[in-house]
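Right, one structure below, let's go through it.
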């Protein structure tokens, strides 16, 4: 065992290197990640280029002059209502000097005023009186008053234009607002009090209070820039969230079992993205400083703010990846949190929140970052330009600390929830668990201590358990007691394990067997630490699985091979092994040696530099096993370690485990009973979570086996009844198990072995019976399993007590007869559709298929909803904007806007009102009048202040003159936009209070509704965005054919008889209406919301429907053409969407350029299909506009361009048809629309002579040649493969040298007769897959020909039945939907299809799964579905490629029975390929074995066993160890060439050469004598299995010259595909 020491630094470095390689090799994701980041940075630069920043220097006070200096003759006044008081007031206003010559009109009401203004005048001021003291000054929007309500803290309130200084509040003074306000206020005072103050009001003087230096930002671009700052790291958080979530879900638990520390996992991701964040922050800070978005704050402060924000988002992504299990949901939540919390920070920008709440919300890092940015802007706005260039960053430093705190806080929450959430549903983990001292320890000991105290040695008293040999007592390595595991899903409790008790011994290989869902994987997961038991306890080498410290020891001792493959696809084989070696704690200097050892052990040297994603499924499985054996562990926990491996690789794994059995513990699960039989010393059967039995193969076969299988190969002259009579004569309770042409099989009871010598002697001495050869084999573990499962379904409590179940077995003849009857009912020829009726049915089936797929395509639906939502949102926002623009508003002008009330605490930005008395007299009466207005005053009674030098005040009133005649100077802080109108009201009310203390004047400002004069501009702006949106949609809804091609569903449809035109038009029949509906829905929404004057007519709608429909068809079929061309690459819907967008964008730009409009418009409509929507819409809009102005006859010809999309559609249909004919897959039927007929490929002679062939292969070649030339169609086989050869072009190693050809098959000839199932077997690379592809038509043969159903041209079948190795299914469709669609494709009528579906579902027990989506099905049920699809419609030729892979034995039996029932005694033939020899033995009438591209042998299974089987297997079980040596001496005397195999002492195993055993009668006679002499418990003698024959023949592939012509990688991967 290699020394292992867990090292966090080593693990972190290994994982970091893995992440770096991930970035390097997943180039597309890395490119997009950095592209999006770069685009956001470019957006920052763009906004800053458009952004205006004002660095305003300090300025002393500015005198605006007297109020009566206003002089403007361009406006008029309209007032309402008309009352004597309002008339007197306005008459007095008309006498003011600057009102001379101005019109003042009276209006009875506001509606009349608005109408009057809209009809006659453009520059009007409205005066609306509420009462004698309250009125509203109403202006046209944007005229004479500012358009905003108030300055914001960060916006510029003054601008410098050379020597001219302009401040926003001066607009009130300069354009007449305060002049008119002062005149009206003076008139109100005079009318209501009979005291004139007109002179005082007209002498008002305005001044700016001293303007401090400031840096001001400008408006919307600031908000946009801040928003982009918030989402600057979103591309990084998206990819880190997705990567971490996927890796945690798939790999982290498995790596933790190997010893991975949590800190190493998070550090590896954090360090990588920390560096990326550092670089992005550096660039962002540089941009901010270069463009001077922030002036006064130093580089490091800004850098720190951005950097800690980025790190906090990384921590937030980690936290969300723990809380949420799906990567899509994690990405979405992180992005929404970033946007929402960051946008909430705008409340800090506009001071909507109290400071305390701002700091509380800073626990959300996006808000804290936004608060920091706001603080930077405020520093620029408030701090003098000559101050320290670092500013006053105390608040910013506090925010940076909060961001640092947020990052640490999120990390702590990540660690906390990672410990709590996975264990929350088990025992004592609670949310206050973090308060305990053992927070980071997994503690399950509360339920173990009692069990340990009461522990006793467990004895199996049931006779279902074979007693353990004495030599293993005290070698208990794994002890399991009362183990229970419950799963809770949707409030439903499922017991995976139920009180399971078991010991696993050192020095033994133990197999866990059981049906799917029995609990095998759950048990192994509990033992490996991947999940926690509900109750019970486990010790491994005296280490308690419940203790954290013991778990670490266990991880060092254990090698785990889980059911799913463990590897990173973007790493090579060698890199994966190095990574996991370091995770396991193998010392750095030993890693390379250990990796080399594993590569050699598993024969993976040729694949060590291949990326895992390019490996076959079997090679990936082998790599997972290699990772498990890294470090030479003492305990192997293997969950189906050889699933998917070819026989050679499987035997290599078996030999590896056998060689290391002595000092180690091997516990594995498997679905292959033969594997358990050959490899395991002890087999443990689990059913529904309970332990059923355990023992050696011999024990189990004797107790539950059905006996020996006697197989006889017969000549044509044999008489079946005579042979059966002879067998019954010797063994009356024997049973005939199988009968077919040339073959008989019997079951002989185990307890009748004493009768075997006489039976075999009579068989050997009776040549007249027509027996060519015979063989005998012991019952298989599969039969034991089926009998156990049959018993467990009857009685869960007791196995071994019901004799009738043992006799009947789990798979009774009645069940087979039932399956045969159900399937045979389908063999009658149902009437199939043809011609256009079939084409239309296929079209409808594909349309339905496309609808069902879109229903579950989340991304496409999101895109459609998003596009529709954006379009409708744009229309809604345009209407809201129009409504706002056309609506009026009214803003109050009151002192509380800027000034405190008496006794109020200081509250920025409110201040006291400064009163400066420069009259030299007391002004107590005026002061008292001001105090009546509830204003906090600060009075300079002696006039010592200037009043305009202190910018801390919002406003000041400076009184001069004498006590009888005041002169007022109004000084305003330029930051307060409405200061002048407010101070005018304060002065007016001060004067009014002298005469009428209870009265109060109130002035408001408002605007008139704006006229709707932007209709055309609105339409064009909407239209531009709408066209660009629509251009992005087709790639997302019309490129699913790429998915169909890559998962081979398209090939499955083609081989099922689908016409190419029906496939494409069927998809279009659904997609075109969806796309049209999307376009027209936005059109209709626009029309519905448009103003009455812009409503379109029915004729307009007709024209738009015409060109929209044509555009949809043309662009959808253009997308089909693109999909066909790029079907072998990635789908890249987003990239093609971007291309469509760019083409549409530039096309629109050319169309909208006035100079080129007429030329570009017509050219682009005619030549650029994506531009036709925009072009036709713009053309239609222009035709409509021109028709309203002037009639131009030549414009009538422009309507012909609306037919351009239909022309494009026809062109793309023709292109698609030509591509299908030239480059498409071979069709099975004549396409009535595309006019494509099944191709008849040219036949080339095979250049290679078949020298040195086996005689059976030569005979098959002759028979095939005769069948090929036979004129009797009825006698022709279902499949004829004659002289097939396939060559592939190899890659050039040098541009000078010619590339070597790779020969996949050389000269293959065989046929499949009607009613026959032929098995095609071979090692990986032998040529099986290529042969299948040539038969299906997927690959053209280089020489030779294939005939199906008797003819290669005129009478080809309309479709083939094909069950591919990979499940060519749509994951979101249900089983019934699959069956209905394929039935329609094959031409079955609906009534016939429903009957067939029900019967096939009954035959294969699929009734419960008919409504289940495929993605929820087990692998075994998926294989059943693929098989049913292959035989649906009664095809005459069926190809089955490993049909029972992934099934448990029960499912395999169902499948095999269905295959036998489907083809037995019918006119159909089947070709089956498999790696599972038991499957071939169960269903094949004949077997052909391929070696190195050649047919090595062919014949019945018994014939091949007799011809090529070299050995028999003898197993004997002794009662006492003392018998071993004498018995061994006797066996060696009787069988001199016997080879003893390694087993534990009570079980003796020998391999006997065939010549030592023949004749069988003598062999059994000798063994019966031995049994009596040595009092053996039991023995068995069995012929070589087909697997052993296959292995012997396949070894020739390594010895011949086949590899000389092939690249070394051919040994590890399937033969090259033609399309590659």
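The backbone N, Cα and C atoms fix where each Cβ goes, glycine too.
Computed from a predicted structure; not experimentally measured.
Feature annotation from Swiss-Prot assigns transmembrane segment to 30-50 (among others); the stated evidence is sequence analysis. Within the chain carrying the transmembrane segment (30-50), a Cβ under 8 angstroms from the stretch's Cβ atoms is held by residues 23-24, 221, 224-225, 228-229, 231-232, 234-236, 238-239, 280, 283-284, 287-288, 291, 293, all 6 or more beyond its ends.
What Swiss-Prot records for 224-244 (among others) is transmembrane segment.
Residues or ranges marked as transmembrane segment in Swiss-Prot: 263-283 (among others). Long-range neighbours of the transmembrane segment (263-283) within the same chain, counting only residues 6 or more positions beyond its ends whose Cβ lies under 8 Å from a Cβ of the stretch, are 8, 11-12, 15-16, 18-20, 23, 37, 41, 232-233, 236, 240, 243-244, 252, 255, 303, 306-307, 310-311, 314, 318, 411, 414.
What Swiss-Prot lists as transmembrane segment is 294-314 (among others). Within its own chain, the transmembrane segment (294-314) is flanked in space by residues 53, 55, 215, 229, 232-233, 236-237, 240, 269-270, 273-274, 277-278, 280-282, 284-285, 288, 334, 338, 365-366, 368-369, 372-373, 376-377, 379-380, 383, 385, 387, 389-391, 393, 396-397, 399-400, 403-404, 406-407, 410, which lie at least six positions past its ends and keep a Cβ under 8 Å from the stretch.
Residues or ranges marked as transmembrane segment by Swiss-Prot: 328-348 (among others).
Annotated transmembrane segment per Swiss-Prot: 357-377 (among others), in sequence order.
Taken from Swiss-Prot, the feature N-linked glycosylation site applies to 454 (among others).
Averaged across the domain 'ABC transporter 1' (478-713), pLDDT in this predicted model comes to 87. The annotation domain 'ABC transporter 1' is assigned in Swiss-Prot to 478-713 on the grounds of sequence analysis.
Swiss-Prot lists 482 (among others) with the feature N-linked glycosylation site. Other C-beta atoms found within 10 angstroms of the C-beta of residue 482 (N-linked glycosylation site) number 15, with every protein chain shown included.
Residues annotated as ATP 1 binding site in Swiss-Prot, with sequence analysis given as evidence: 514, 515, 516, 517, 518, 519, 520, 521. DSSP assigns residue 517 (ATP 1 binding site) to coil in the three-state reduction, outside any helix or strand.
Residues annotated as transmembrane segment in Swiss-Prot, with sequence analysis given as evidence: 861-881 (among others).
If you look up Swiss-Prot, you'll see 967 (among others) marked as N-linked glycosylation site, on the strength of sequence analysis. The Cβ of residue 967 (N-linked glycosylation site) has 17 neighbouring Cβ atoms from other residues within 10 Å, across all protein chains displayed.
Marked as transmembrane segment by Swiss-Prot: 979-999 (among others).
Residues or ranges marked as transmembrane segment by Swiss-Prot on the basis of sequence analysis: 1019-1039 (among others).
Positions annotated as transmembrane segment by Swiss-Prot: 1068-1088 (among others). Sequence-remote contacts of a segment are chain residues at least 6 beyond its ends whose Cβ falls under 8 Å from one of its Cβ atoms, and for the transmembrane segment (1068-1088) they are 843, 846-847, 850-851, 854, 864, 867-868, 871-872, 875, 1022, 1026, 1030, 1033-1034, 1037-1038, 1095-1096, 1104-1105, 1108-1109, 1111-1113, 1115-1117, 1120, 1173.
Per Swiss-Prot, the feature transmembrane segment maps to 1105-1125 (among others). Long-range contacts of the transmembrane segment (1105-1125) within the same chain, counting only residues at least 6 positions beyond its ends with a Cβ under 8 Å from a Cβ of the stretch, are 1034-1035, 1038-1039, 1041-1042, 1064, 1067-1068, 1071-1072, 1075-1076, 1079-1080, 1083, 1136, 1140, 1169-1170, 1172-1173, 1176-1177, 1180, 1202-1206, 1208-1209, 1212-1213, 1215-1216, 1219-1220, 1223-1224.
The number of other CB atoms found within 10 A of the CB of residue 1329 (ATP 2 binding site), across every protein chain shown, is 22. The two recorded residues residue 1324 (ATP 2 binding site) and residue 516 (ATP 1 binding site) have their Cα atoms spaced 27 Å from each other.
Listed by sequence, the residues of this chain that lie at least six past the ends of the transmembrane segment (1196-1216) yet keep a Cβ under 8 A from its Cβ atoms are 1064, 1103, 1106-1107, 1109-1111, 1113-1114, 1117-1118, 1120-1121, 1124, 1162, 1165-1166, 1169, 1172, 1175-1176, 1179-1180, 1183. With a threshold of 8 Å between CB atoms, the same-chain residues lying at least 6 positions outside the transmembrane segment (979-999) that come near it are 133, 169, 172-173, 177-178, 181-182, 185-186, 188-189, 192-193, 195, 197, 200-201, 204, 206, 893-895, 897-898, 913, 925-926, 928-930, 932-933, 935, 954-955, 957, 968, 970, 972-973, 1005.
In this structure the C-alpha atoms belonging to residue 515 (ATP 1 binding site) and residue 1322 (ATP 2 binding site) are separated by 28 Å. Same-chain neighbours of the ATP 1 site beyond 514, 515, 516, 517, 518, 519, 520, 521, judged by a C-beta within 8 angstroms of the site's C-beta center, are, in sequence order, 522, 686, 1448. The candidate set comprises the binding-site residues 515, 520, 1323. Of these, 520 has the most other Cβ atoms within 10 Å. Counting only same-chain residues six or more apart in sequence, the Cβ atoms lying under 8 angstroms from the Cβ of residue 521 (ATP 1 binding site) belong to 562, 563, 639, 669.
Cα-Cα distance from residue 517 (ATP 1 binding site) to residue 1322 (ATP 2 binding site): 31 Å (rounded to the nearest whole number). All protein chains included, residue 1327 (ATP 2 binding site) registers 27 other Cβ atoms within 10 Å of its own Cβ. Secondary structure from DSSP puts residue 1328 (ATP 2 binding site) in a helix. When secondary structure is read from DSSP and collapsed to three states, residue 967 (N-linked glycosylation site) falls in the strand class.
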